[in-house]
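Taken from TrEMBL as is:
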BINDING   B:GLY152, B:VAL153, B:SER154, B:ARG155, B:CYS156, B:GLY157, B:LYS158, B:THR159  ADP binding site
Number of protein chains: 2
Amino acid sequence: MKRTAFFISDGTGITAETLGQSLLSQFENVQFSKLLRPYVDTVEKARDMVQQINAAAERDGVRPIIFDTVVNSDIREVLAESNGYTLDIFATFLAPLEQELGHGSSYSVGKSHSIQHNGHYKDRIDAVHYAMDNDDGARTHHYKDADIILIGVSRCGKTPTCLYMALQYGIRAANYPLTEDDMERLQLPASLRPFKDKLFGLTIEPDRLASIRNERRPNSRYASFSQCEFEVREVENLFRKENISFINSTHFSVEEISAKILVEKGIERRLK
Amino acid sequence: MKRTAFFISDGTGITAETLGQSLLSQFENVQFSKLLRPYVDTVEKARDMVQQINAAAERDGVRPIIFDTVVNSDIREVLAESNGYTLDIFATFLAPLEQELGHGSSYSVGKSHSIQHNGHYKDRIDAVHYAMDNDDGARTHHYKDADIILIGVSRCGKTPTCLYMALQYGIRAANYPLTEDDMERLQLPASLRPFKDKLFGLTIEPDRLASIRNERRPNSRYASFSQCEFEVREVENLFRKENISFINSTHFSVEEISAKILVEKGIERRLK
């Protein structure tokens, strides 16, 4: 039996979702059906939410869990009448923070994900375009502007990692695929040599790589296990020979890979 | 005078950062210096954190605010000795959730951003590659696989929005730039017609568009205010004539634009 969880906000809902997901992931023995409900920003929408919550309570036979970052008090009053069990995120933490900081909070909606509150918003968007333009070794003459250059075999996870670092943290991340040519000579391409301090390696287990490549080019030499094993072994040798830090992406998400890389390289994220 | 805030975790730190940013954004009269400290996962690293916290306290003349999602109890004990003011996110919410759910929590590290906990991780990565391959009208023969197709003038914010929806929610988002050709005839390109229910428009204020384009191609006709004004007016007319929903991206972040689009189109996000 599933239990329904709602992430409700009068803004984007990102905070309610992130905290809610994090807390629910600690309960491995409960199955949740999770629903994100952003922009519940009128009394009318709140009444509709109450109906959805009550319907879920009836369907599940148990009250839904509500993670709530609604700021507006009229809307909160309506939501409070539902049959859900509410964890009120802002109410819980804002009062102690107000006391500690000696200031009242503004209780305004959706500030943390707005452009206005986000001093580095333009950096993030510029970094996304940088990552797109410098993806997959497409250009190498902008590497002087890179914060980091990811290298590794084709399809080991470089592109999503670069885009995540760009979007979340405004980090200018380029990536360069090491091809068979680079491997046979077991040396770094000339275009990368001047930027050795920016390089970071990604590697991956050969069977996982073969499975990813098979989706793109089924039954090709490129996707064969023996080819994948050869490339991964050669590239890992190159990383070791050149003393380039690297991590194995096989069992990690882009969030984890990015956080590990930035800790290892000592790159401070551009926080809002 | 700035007050230091630390987001500390033995995992990626994403939950601590997201909630911390959200709460701090409610205090407009306090200036914060924010530091993300992921993977504080040994007692030794925790001791180093205590030194950083205490140094900040001395420098600022006031104790730092600590947003903490550390799970390991040995590490928590060390951190508790610092001179910071700690908001203990997991401790605050896990006990009431355990009672409500009738289950103990697993108190395990970094689950919510791991692949294992994330049933839709592969969808997200596939969606990133889909967005890359179908960016900027590069291909139009995969639109049948799209969840959404963003349309608008060049440089109005389509690409970062598509990538955000892909990375965060596994949504397959293509985008197509409307060019002067489409405008002069004031009609939808033939490649888009069969997918009208998937289309969503982005628009932007002409002076903002001119400023963005000027960074790419300074003093070009493409970047001139008159050209930008013409294109925006024509495209908005097209949206209205074809009855295509659209929003103005000028004052919104990719987080806000994405959330608004998904609410409007009634697309349920693929939550972990």
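Note: Cβ is positioned from N, Cα and C throughout, glycine not excepted.
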Intermolecular Cβ proximity, binding-site residues B:GLY152, B:VAL153, B:SER154, B:CYS156, B:LYS158, B:THR159 versus chain A, under 8 Å: B:THR159
Local backbone state of B:THR159 (ADP binding site), from DSSP in three classes: helix
Neighbour count (Cβ, 10 Å) for B:SER154 (ADP binding site): 18
Structural state of B:GLY152 (ADP binding site), classified by DSSP into three states: strand
Other C-beta atoms that fall within 10 angstroms of the C-beta of B:ARG155 (ADP binding site): 21
Under 8 Å by Cβ from B:VAL153 (ADP binding site), counting only residues of that chain that are 6 or more apart: B:PRO177, B:LEU178, B:THR203, B:ILE204, B:LEU209, B:CYS228, B:GLU231, B:VAL232, B:VAL235
